[in-house]
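Here the structure comes first, spelled out in structure tokens, and everything after it is commentary.
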Amino acid sequence: MTSVVVVGTQWGDEGKGKITDFLSADAEVIARYQGGDNAGHTIVIDGKKFKLHLIPSGIFFPQKISVIGNGVVVNPKSLVKELAYLHDEGVTTDNLRISDRAHVILPYHIQLDQLQEDAKGDNKIGTTIKGIGPAYMDKAARVGIRIADLLDKDIFAERLRINLAEKNRLFEKMYNSTPLDFDAIFEEYYAYGQEIKQYVTDTSVILNDALDAGKRVLFEGAQGVMLDIDQGTYPFVTSSNPVAGGVTIGSGVGPSKINKVVGVCKAYTSRVGDGPFPTELFDEVGERIREVGHEYGTTTGRPRRVGWFDSVVMRHSRRVSGITNLSLNSIDVLSGLDTVKICVAYDLDGKRIDYYPASLEQLKRCKPIYEELPGWQEDITGVRSLDELPENARNYVRRVGELVGVRISTFSVGPGREQTNILESVWASI
């Protein structure tokens with residue numbers, strides 16, 4: 001029984017797809033356990049970029065099983081589109097499995113997402129308008145439609161009719177918006193269900209059977225710990241639990257079967273959307289990092305906010321996710337800077353604190369306390385070991401590990417598979 005969980009430790013976009021793809025080489029099953037198509041991940045294979053939103057990164061290994069777990073909310077329209085995209089690129093999807101217990105995103109979720117966000121005015125939280133939140137709301141309210149329901153024509157029609165009647169009343173009376181048509185949604189989405197039917201099964205059985213047989217299972221999280229609905233910067237968070245604990249709920253695998261948790265982070269910090277960001281940069285350095293790091297959202301295309309590495313955030317993520325290993329990405333983006341900074345603590349009303357406050361009001365008053373290190377000018381994109389890094393870059397990597405309190409297993413100096421350097425094999429250490 002061998003399993004590894006990959007989680008983002010910041011606000012998403014840390015490079016989880018790349019690291020998952022890298023670790024997938026030694027896994028036999030790869031599974032997603034939460035989120036939806038609001039999260040994008042980019043994988044580079046032989047110099048070619050593939051952008052996925054729902055399907056796990058392991059899909060590029062045809063001999064391995066890729067699982068969309070019960071904790072994922074699935075937009076069938078997006079899924080069918082993504083499958084077609086992969087097929088057009090010559091990628092087989094015969095190895096995909098979708099949980100029959102996963103909940104379905106429907107057009108009324110997306111419309112409600114947009115209306116709710118618009119109604120917030122200046123208090124918007126920066127949702128991707130993908131219907132994720134409303135779908136999880138229906139799930140919690142026990143009125144959601146699951147994949148198993150989508151495949152049953154009569155049950156789907158019955159539940160869609162009830163839900164749509166309620167949502168249309170809400171659209172018309174509360175938001176003064178246009179109601180949606182039952183027949184159009186039913187026809188379109190039932191057809192999507194039939195297209196994905198071949199992939200649908202009880203994925204909890206597949207995952208547990210694989211673990212019981214001694215196979216290596218990799219769990220792939222979406223977003224990041226700081227977007228977790230419980231542990232993140234609430235309410236500027238997602239509607240699910242990206243933390244490692246979300247694996248047990250979102251995949252149907254018990255906590256005793258989790259061996260390692262790999263936290264993925266960048267050598268700096270980025271964030272899409274609104275919400276607290278203590279180390280955010282608004283100067284030329286921030287603009288340089290954004291451009292060199294190509295910091296634009298995979299899903300939204302929006303420019304990401306960028307800032308210095310925040311070890312306070314990282315220690316919070318380590319604690320609430322039980323991180324055992326760290327993967328440090330995008331070190332190359334910092335090349336060319338005279339100095340680099342790491343936030344080691346916050347100043348809150350004149351008091352030094354080393355924890356991440358829950359209160360948004362306190363966070364607004366937090367000022368980062370920085371440790372400044374000398375930068376490096378060399379191009380490090382061709383580096384293939386820690387010893388090949390310039391001394392200042394090497395010191396930066398070591399200092400990150402010290403401040404976070406977790407050993408660094410891999411570091412990356414570019415987006416390619418070959419640019420990921422192994423310091424310690426995660427699989428071998430289990």
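Each residue, glycine too, has its Cβ placed from N, Cα and C.
In Swiss-Prot this protein carries:
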type	residues	note
BINDING	12-18, 40-42, Arg304, 330-332, 412-414	GTP binding site
BINDING	Asp13, Glu14, Gly15, Lys16, Asn38, Ala39, Gly40, His41, Thr128, Arg142, Gln223, Thr238, Arg302	IMP binding site
BINDING	Asp13, Gly40	Mg(2+) binding site
ACT_SITE	Asp13	active site, proton acceptor
ACT_SITE	His41	active site, proton donor
BINDING	Thr298, Thr299, Thr300, Gly301, Arg302, Pro303, Arg304	substrate binding site
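Structure coloured by features recorded in Swiss-Prot.
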| residue | record | Cβ contacts under 8 Å, 6 or more apart |
| --- | --- | --- |
| Lys18 | GTP binding site | His41, Thr42, Ile43, Val44, Asn329, Ser412, Pro415, Arg417, Thr420 |
| Gln223 | IMP binding site | Gly8, Trp11, Gly12, Gly35, Asn38, Ala39, Thr238, Ser240, Pro242 |
| Gly301 | substrate binding site | none |
| Arg302 | IMP binding site | Val272, Gly273, Tyr296 |
| Arg304 | substrate binding site | Asp13, Ser270, Arg271, Val272, Arg290, Glu295, Tyr296, Gly297 |
| Ile331 | GTP binding site | Ala267, Ile380, Leu389, Ala393, Tyr396, Val397, Phe411, Ser412, Val413 |
His41 (active site, proton donor), number of other Cβ atoms within 10 Å: 27
Site with most surrounding Cβ atoms, counting all protein chains shown within 10 Å, from the binding-site residues Asn38, Thr42, Thr128: Asn38
From binding-site residues Gly40, Thr128, Pro303, the one whose Cα lies nearest Gly15 (GTP binding site): Gly40
Greatest C-beta neighbour count within 10 angstroms, which of the binding-site residues Gly12, Gly15, Gly40, Pro303: Gly12
Other CB atoms within 10 A, centred on Val413 (GTP binding site): 25
Three-state secondary structure, His41 (active site, proton donor) (per DSSP): strand
Rounded inter-Cα distance in Å - Pro303 (substrate binding site), Thr128 (IMP binding site): 13
Site diameter for IMP, Å, by largest Cα distance between Asp13, Glu14, Gly15, Lys16, Asn38, Ala39, Gly40, His41, Thr128, Arg142, Gln223, Thr238, Arg302: 34
Neighbour count (Cβ, 10 Å) for Asp13 (IMP binding site): 28
Per DSSP, three-state class assigned to Pro303 (substrate binding site): strand
Three-class DSSP secondary structure - Gln223 (IMP binding site): coil
